[in-house]
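Q: I grabbed these lines from Swiss-Prot:
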BINDING   Gly56, Glu57, Asn58, Gly59, Ala60, Gly61, Lys62, Ser63  ATP binding site
DOMAIN    24-260  domain 'ABC transporter 1'
DOMAIN    270-510  domain 'ABC transporter 2'
Amino acid sequence: MAVSPTTMAAVRASGAVPNAEFLLSAEGVRKEFPGVVALDDVQFRLKRASVHALMGENGAGKSTLMKILAGIYTPDKGDIRLKGVEIQLKSPLDALENGIAMIHQELNLMPFMTVAENIWIRREPKNRFGFIDHGVMHSMTEELFARLNIDIDPDIEVRHLSVANRQMVEIAKAVSYNSDVLIMDEPTSALTEREVEHLFRIIRDLRSQGIGIVYITHKMNELFEIADEFSVFRDGRYIGTHASTDVTRDDIIRMMVGREITQMFPKEEVPIGEIVLSVKDLCLKGVFRNVSFEVRAGEILGVAGLVGSGRSNVAETLFGVTPPSSGTVELFGKPVTISSPTEAIRHQMAFLTEDRKDTGCLLILDILENMQIAVLQDKFVKGGFVQQGALEATCEDMAKRLRVKTPNLYERVENLSGGNQQKVLIGRWLLTHPKILILDEPTRGIDVGAKAEIHRLVTEMARNGVAVIMISSEMPEVLGMSDRIMVMHEGLVTGFLNRDEATQIKVMELAAR
């Protein structure tokens, strides 16, 4: 029977360690979200005083499991045990009270509060009058930093810190809860090489103090440098656990990508035409650099890479969302400067963003209102009046062509499935008759049937001469749909693969360089 967080906290405080072969373990865990099985009967076992890396492609289920262990999600099935005792974690506070702390990739500090205030928020020491004792809080922070070999002024506001130092503050905050378990999600994604070395020194110190560390990463070199053992997840399933000294880089890649490509991604051979888009030495300071590539009419250029590779940033820069620091862009052989999405649309570019709910669909509006956004002013307004009949007929035809499942165009988009929402967005851009279509994670979060429909539409656009740039974290999709694949790692293009030579292992080798 699972014990309450309060009871487990008492067990932890007493020092009792029943059946503590593992510091933290999960067995038979399942977690579903609408239309998606994120975790299917997975297991995980963390030893005391060890660093345990979690590996897997994007969407493998790593972060979902860690959010369960941190009390952010509750599992639909399965057992979580802390020092051998089954527990139920219903909130992050439950996890913290039981010594489990998660350091998120995004970092969750208050920028206008001091370092000390961030660390001790809601736990501030009080003087005899009930007011916060800033002197004591400063001393507590200095003692904590001394333990971790962190050199940061406790009284400086967080907004003045570098990303690396903010991360150090997050780690110190987690340790301040007397945590037995620290969960780190891609902790080096924004750090320089020297900052990574400092982080690893702190991790080794924490390990020597008996703390168990869960380390989510995509980077092979980090696994071999800092992890004692690792587990691989794939498609929401547990694949295996090994000591990091017992395997090679190729072994891990095979575990991560060990599945065959299905016929769900048939690639139709279409004539490849002239160069439509040419990018030369494109840079965005601190994000990506010297990105160069070409894409031709009728070609699907797949873009692969792991979290932090800069793929989406390149797409946003091409579409005018963020101006580049340097570099050149040519359309049909002529140099262009695209400083806004409006200019990009005028140049017959279209961009399907990776997050349809935040930067794509206007969920509270209906299908018609969503589809017309990019074309209303230019094509359906004459003499100051909207040609409503022509607009509705055009959008109706597009919805039928895309097989959007809806009773009518006045259905609110929030009521549609993820796949149909994506079709509405594609319809919006098809109405602009683009010559260049940039797709960022076009099938993320939609079911298998809807994915096949999206792939059909992408193939149709290529057949009609559109130059397609398709960013995807799904390896079968990249391999199954692309004529060529450009691979990125940490803001750099690490290589190109033609369709006939591309394999999952070759892509992963380039992506993890």
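Any Cβ shown, glycine's included, is placed from N, Cα and C.
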Q: If you draw a 10 Å sphere around the Cβ of Ser63 (ATP binding site), how many other Cβ atoms fall inside it, taking every protein chain shown into account?
A: 24
Q: Test of understanding: give the count of other CB atoms lying within 10 angstroms of the CB of Ala60 (ATP binding site).
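A: Cβ-Cβ neighbours of Ala60 (ATP binding site) within 10 Å number 23.
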Q: Within its own chain, what residues at least 6 apart in sequence put their Cβ under 8 Å from the Cβ of Gly56 (ATP binding site), listed in sequence order?
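A: Result: Lys62, Val232, Phe233, Arg234, Ile239, Met256.
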Q: If you draw a 10 Å sphere on the Cβ of Lys62 (ATP binding site), how many other Cβ atoms land inside?
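A: A count of 27.
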Q: With an 8 Å cut-off on Cβ-Cβ distance and a minimum sequence separation of at least 6, pull the same-chain contacts of Glu57 (ATP binding site), or say none.
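A: Non-local contacts for Glu57 (ATP binding site): Arg234, Met256, Val257, Ser473, Glu474, Met475.
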Q: Enter the number of other CB atoms within 10 angstroms of the CB of Gly61 (ATP binding site).
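A: Gly61 (ATP binding site): 23 neighbouring Cβ atoms within 10 Å.
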